[in-house]
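**Student:** Sending over a structure as structure tokens; questions will come in a sec.
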Amino acid sequence: KSSKREWKPLEDHSCTDVPWLLLFILFCIGMGFICGFSIATGAAARLLSGYDSYGNICGQKNVKVEGIVNSGLDLTHKKYVFFLDPCNIDLVHQKIKSIALCVSACPRKELKTLADIQKFAETNGSTLCSYELQPSEYTTDPRAAKLCPKYPVPESAPIPFFHRCAPVNISCYAKFAEALITFVSDSSVLHRLISGVMTSKEIIMGLCLLSLVLSMILMVIIRYISRVLVWILTILVILGSLGGTGVLWWLYAKQRISALETQVAKDNLQALLIYAVAATVFTVILFLIMLIMRKRVALTIALFHVAGKVFIHLPLLVFQPFWTFFVLILFWTYWITVLLFLGTTGNPVPNEEGFVEFRIAGPLKYMWWYHVVGLIWISEFILACQQMTVAGAVVTYYFTREKRNLPFTPILASVNRLVCYHLGTVAKGSFIITLVKIPRMILMYIHAQLKGKENACARCMLKACICCLWCLEKCLTYLNQNAYTATAINSTNFCTSAKDAFVILVENALRVAAINTVGDFMLFLGKVLIVCSTGLAGIMLLNYQRDYTIWVLPLIIVCLFAFLVAHCFLSIYEMVVDVLFLCFAIDTKYNDGSPGREFYMDKVLMEFVENSRKSMKEAGQGGGAEGRELKPM
């Protein structure tokens, strides 16, 4: 049954879920303790200045480690970490399998023999062999084969702020990526892929910028011409998908006729065939979906027009993804920095090879688990703050009868209400998502670790559990967003808001299904348009480099970035539509237009209701299913 409590939009503001805000603050204090502990134990100095295999921090005097030769040295003038074999990566134990030394300068040119290494030490005063060897002994001492770097020594340059000598030759990075991507059997293919990315890096950056510009243009189109947006998107997607598919088949036929002299050209021809077949299948599926959805286009046009008016009155909504992304980048940078601190914190302990490792003893060694939970919870908290801010601004717009009486900046007013009253609600909602996300990530990790070892039944159960948790997470995310809208309307706590929003959504289940289906599909078409446009531009630009560059990986990178950018911008539009729908449902449920119970909705929404009723009556006379879909609130 319907909730008996009356909705009083924006009439009262009170603090919600204060205990959860206190719990979140205590959790953040714990995150700060982890950072402070790692800095206090010297991890920051070891991370920034670097340390050698004997526990000495480069660029300072050190304390002797019991039982370790070459520890406790004065390395004031040796400020850079140099690895004897920097390309020897052990991904299992997540470290470089090489002796690390502190040197006064990185080799800025390739050293091919021990004589070159000896000459570099005598000329620059930077000894690249182990501390027990003098430069005069490099070519005579038999121990030099183990205690000197593997030659030829690649040209190196210091990493800014971190004082590590890193090879500048791309082949070393290719070998590192080859170790990461274990499923690539032909290492030469991977070398060519990575070289293709490096060769096309200017084009990749330009295409990524193009996707950002296209997303901004699409938001402007949504804002000003929302009535024709659906038809424009439909026509452009049809033309774009047909054009992209045709160009791919044309390029494939053109290159197949020409002589293929290099391996790079053959790889590009095979990639073109795969792309052309995939584009053809995608185009056919897209056309079938659009054929099924064509009858619901009129409803979508009305919804998009109302949301477009919101963006006209609240232009700062367009920039909301920028601020959220900026805050997330700041937090992720802090989190990664502290994670690196944790990797170098602890007490020096000799390992089985006679070198020094830093390990944490006791319960403190589980701090990184706390740190991982912090990554998920605080990231979800930041995203939830964006949802609450958008919901508060749209609610202010909807439930203000005279639009000229809107606050000067409804977004800032919404942020102010969030900070003053509703941070606890956001903390609770984000914690619920965290509780679902952590088990799913653990199961995914177990599934990855047991790949190829578990039986078919166990693999099926793991995948089923992961899928169920993913579905639960998506449902809770949608319910949370509507709960934040109810909180913004009535200033109720999270549980009450979630219950009230759930009642409204259940009462309008068919309408919710129609709006989400049509609205999400049209926004998906917008994402497809941006990805297709960026991908088509990438194909035309990279086609000029086909004889000496493999552009499979650059094109994938560009298309993924274009999709992420389009998703960030259009998700705000989707959020506005969802908030408007809940406000509209509440308005029609508790108001009927009579004196004292006037509607809050503007004329466009009133026309939307009337058109829906007329369509329902006309379709009802014909006994069609479309009439049931357009049933009024």
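In case you wondered, yes, glycine gets a Cβ from its N, Cα and C as well.
Copied straight from TrEMBL:
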TRANSMEM  20-45  transmembrane segment
TRANSMEM  203-222  transmembrane segment
TRANSMEM  228-252  transmembrane segment
TRANSMEM  272-292  transmembrane segment
TRANSMEM  298-318  transmembrane segment
TRANSMEM  325-346  transmembrane segment
TRANSMEM  366-399  transmembrane segment
TRANSMEM  521-542  transmembrane segment
TRANSMEM  548-570  transmembrane segment
**Student:** Would you say the transmembrane segment (228-252) and the transmembrane segment (20-45) are touching, if the rule is that at least three C-beta pairs must lie under 8 angstroms and be 6 or more residues apart?
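**Tutor:** Answer no: the transmembrane segment (20-45) and the transmembrane segment (228-252) share fewer than 3 Cβ pairs below 8 Å.
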**Student:** I'm a bit unsure how to read this: which one of 203-222, 228-252, 272-292, 325-346, 366-399 has the highest number of Cβ pairs shorter than 8 Å with the transmembrane segment (521-542)?
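**Tutor:** That would be 228-252.
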**Student:** Using a Cβ cut-off under 8 Å, which residues of the same chain at least 6 positions beyond either end of the transmembrane segment (325-346) come close to it?
**Tutor:** 31, 34-35, 37-39, 41-44, 46-47, 51, 358-361, 367-368, 371, 374-375, 378-379, 382-383, 568
